[in-house]
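To keep things clear, I will list the structure first and then write my remarks on it.
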Amino acid sequence: MESLNNRLDWLQEQLLTLYEKDSKDIEDQIMQWNLLRQEQVLFHYARKKGIMRLGLQVVPSLAASQDKAKTAIEMTLYLSGLRDSQYGSEQWSLQDTSREIFLAPPDHTFKKGGQTIEVIYDEDPNNSTRHTVWRHIYYQNGDNRWRKAASDVDVHGVFYLEYDGVKNYYVDFQEEANRYSKTGRYTVQYEGKRFTNVMSPVNSSPLRTSGSPTDTNPATQGQSTQTARKAETKGSRHHPKSPAVRKRRPYGRRRSRSPRDTTLRRGEGESARASAGSGERVAFISPGDVGTSTRSPPKGGQSRLRRLIQEARDPPIICLKGGPNQLKCLRYRIKASNSSDFESISTTWHWVHNKCTDRVGHARMLVRFISTEQRDRFLDKVVVPKSVSVILGAFDGS
């Protein structure tokens, strides 16, 4: 008990020293998060031993200390990567590397030099919202390299321009107007520029995407929001064919799935349907039929051979949808801990609009499996963050 008290006193003394030092060195910020992790590990150990108080400090619950320790580990990993990049030599304060700033929009990025802008709805100064435009945004791209960008504002929202010229919106003015405005009209003033959208019905569908709230060509910023919506609706008919979607998986405990009937394929006669003891006859599939099914074969009432043949038509996948940095962290974790539970995994990617390079929707990542059993095993083992959607599907070919 006394040794735990002494250890806690030492950790908190080191933290106070860092706070008073007010260092701008990223190494000190990494040290701070390491000390916070050690503090939570100590609390976790004490609680497991039934200790409810260390000195004057109340020991938090096991869940609380575990969650805070994981947060500290995550921040340490992000900051260590940033330190090893070309931006590690810049000045980094405690505020710059705080969890609150890291999760502020755009989330999972480091930010500096915040400036507040105001969006006024219905030309009523009392009906407004405020958002932050950042002078510097540090984000990771698809190959985990750190990049630096700056926020900007247009009539559609607040965004930052990525290194490949793609606008990544993190505030959608039209979506906000649909929530707070009676008329759908809003006005934004930023650095001497004034943006006002044209009148649009409040109950019309917002152009809501993670990457780009408008999904329209930047050259059409002066056009009406309603016209932009028509462009999006028209463009949606020409999106590339997506993997066949079956259903979303709820978070937490897996939901049992009832068997589905499988339609009879070309080349399958009555022999493929008949099953008479050991003399079961099955029709083998042609190479052209591989990967063409979009249904899961029934799990019961058939031999393993028949199931394998049916699965050959249906290479199963899952599509993970969420924030790009969240997906990158998840990919790193499952490659390190669950490499035997999947066949291959993609990099993060986005749909883009058919008229321009603006990104459409959340980031996505595909995981491919050799069988539905392997996919089920993967979903049973891997804990997916609540903010990441899981969609089951299949490729039209492998």
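Including glycine, each Cβ sits where the backbone N, Cα and C put it.
As annotated by Swiss-Prot, compositional bias 'Polar residues' applies to 197-228.
The compositional bias 'Basic residues' annotation in Swiss-Prot covers 236-257.
According to Swiss-Prot, the feature compositional bias 'Basic and acidic residues' maps to 258-271.
Residues annotated as SUMO cross-link in Swiss-Prot: K321. In sequence order, G361, H362, A363, R364, V388, S389, I391 are the residues of the chain that are 6 or more apart from K321 (SUMO cross-link) and have a CB within less than 8 Å of its CB. Taken residue by residue with DSSP, K321 (SUMO cross-link) is part of a strand.
As annotated by Swiss-Prot, region 'Transactivation domain' applies to 1-205.
Annotation comment: Swiss-Prot describes 197-304 as region 'Disordered'.
Swiss-Prot lists 314-398 with the feature region 'DNA-binding domain', giving sequence analysis as the kind of evidence. DSSP assignment over the region 'DNA-binding domain' (314-398) gives 27 helix, 29 strand, 29 coil.
Across the region 'DNA-binding domain' (314-398), the model assigns an average pLDDT of 85.
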